[in-house]
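Everything on this sheet refers to the single structure shown next.
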Amino acid sequence: MVKHWRLILLLALVPLLLSGCGKPFLSTLKPAGEVADKQYDLTVLSTLIMVVVVAVVSVIFFYVIVRFRRSRVGENTIPKQVEGNKFLEITWTVIPILLLIILVIPVVLYTLELADTSPMDKKGRKAEDALVVNVRANLYWWEFEYPDYGIITSQELIVPTDQRVYFNLKASDVKHSFWIPSVGGKLDTNTDNENKFFLTFDSKRSKEAGDMFFGKCAELCGPSHALMDFKVKTMSAKEFQGWTKEMKNYKSTAESDLAKQGEELFKEKNCLSCHAVEPNDKRAEAARTAPNLATFGERTKVAGVKEANKENVKAWLKDPDSIKPGNKMTGTYPKLSDSETNALYEYLKGLKAESK
């Protein structure tokens, strides 16, 4: 019997240990913006209400068990019945209603406030007043378009802090779900309609997070659903304006001889039919079937999941399916030799927005 209790105790500790796993600032319990703060407050409020209810019911439950135990009242004693007691009937009807009212009022108020995306649809809207980002989810990558600036990026969302950023969400293939746990809870991306919402990124808490947050797909979409990650880089409004100017003036140029070989291979293998290498991609959405590779050389991840070192980039180029199963890149080009992947790596790592 003692062994069974030890096993039960051990199993009970497993969830506690697992709760400590995960990445920094990939948790709803570390809110870093206006939306996340409100959602966290509602979580705390609802949890407190439930804790109070469970505590009161548990106290009454154990009191009855102890007070009317057989050894104390005897075999044939029947406790006083309270059926039809008006005071008790009113009490256990009114209290739940009051608790629901306490919970419903902030939920409704916050829902209406967080659903207000009218500033993004105003005529004459300026990006400085209401920045809009079009998010397009694909199997298994993300595209971010800044329509006010004519900029398109992939896998890394760049946003200013301390202001509302408005999002148009849609999907190009199947249903996905856009989620940045630390900044605001998720919203689906659909193929047949657009969803809209806004998020804010608090500058102080962004600094604490190293100006970096992590986003995920929160809707099961295929074999690499768990690998459909993206990164969010935050910066001040002034720095953001500087970034947009850099991106507008961005030109992809290969410098070394090996990089130039990689550029020629990139064209020869017809990579440009799917990938763009500059952020001002004018093609229609239907033609943008693969991630935009502008600033690839500044990214810390390849395919959103592996460290962007030479070994991993070459492994991705040789066999994408070994890193992200089900991706659409696999089998679209002939097998590459080591010399070809070396040249392509050199070219791709040179794609940067930084001044050259």
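Placed from the backbone N, Cα and C atoms, the Cβ positions cover glycine too.
According to Swiss-Prot, the feature Cu cation binding site maps to HIS176, CYS217, CYS221, HIS225. In the three-state DSSP assignment, the secondary structure recorded for HIS176 (Cu cation binding site) is strand.
What Swiss-Prot records for CYS271, CYS274, HIS275, MET329 is heme c binding site. Sequence-distant contacts of CYS271 (heme c binding site), defined by Cβ-Cβ distance under 8 angstroms and a gap of at least six in the same chain, are TYR333.
According to Swiss-Prot, the feature domain 'Cytochrome c' maps to 258-356, an assignment based on sequence analysis.
Residues or ranges marked as N-palmitoyl cysteine by Swiss-Prot: CYS21. Within the same chain, no residue at least 6 positions away from CYS21 (N-palmitoyl cysteine) has a Cβ under 8 Å from its Cβ. DSSP gives CYS21 (N-palmitoyl cysteine) a coil state; it is part of no helix or strand.
Positions annotated as topological domain 'Extracellular' by Swiss-Prot, on the basis of sequence analysis: 21-47 (among others). With a cut-off of 8 Å between Cβ atoms, the residues of this chain six or more beyond the topological domain 'Extracellular' (21-47) that come close are 102-103, 106-107, 110, 113-114, 164, 181-185, 197-202, 205-206, 208-209, 212-214, 216.
Per Swiss-Prot, topological domain 'Extracellular' is recorded for 107-356 (among others). Within the model, the topological domain 'Extracellular' (107-356) shows a mean pLDDT value of 93, rounded to a whole number.
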Neighbour-count leader, CB within 10 A, binding-site residues: CYS217, CYS221, CYS274, MET329: CYS217
For the heme c site built from CYS271, CYS274, HIS275, MET329, further residues of that chain with CB within 8 A of the site's CB center: LEU272, SER273, THR289, ALA290, THR332
HIS176 (Cu cation binding site) and HIS275 (heme c binding site), distance between Cα atoms, whole Å: 21
Cα-to-Cα gap, HIS225 (Cu cation binding site) vs MET329 (heme c binding site), nearest whole Å: 16
Nonlocal residues around HIS176 (Cu cation binding site), in sequence order (Cβ under 8 Å, 6 or more apart): ALA137, ASP188, THR189, CYS217, GLU219, CYS221, MET228
Other residues, Cβ within 8 Å of HIS176, CYS217, CYS221, HIS225 Cβ centroid (Cu cation site): ALA137, LEU139, TYR140, VAL174, LYS175, SER177, ALA218, GLU219, LEU220, GLY222, MET228
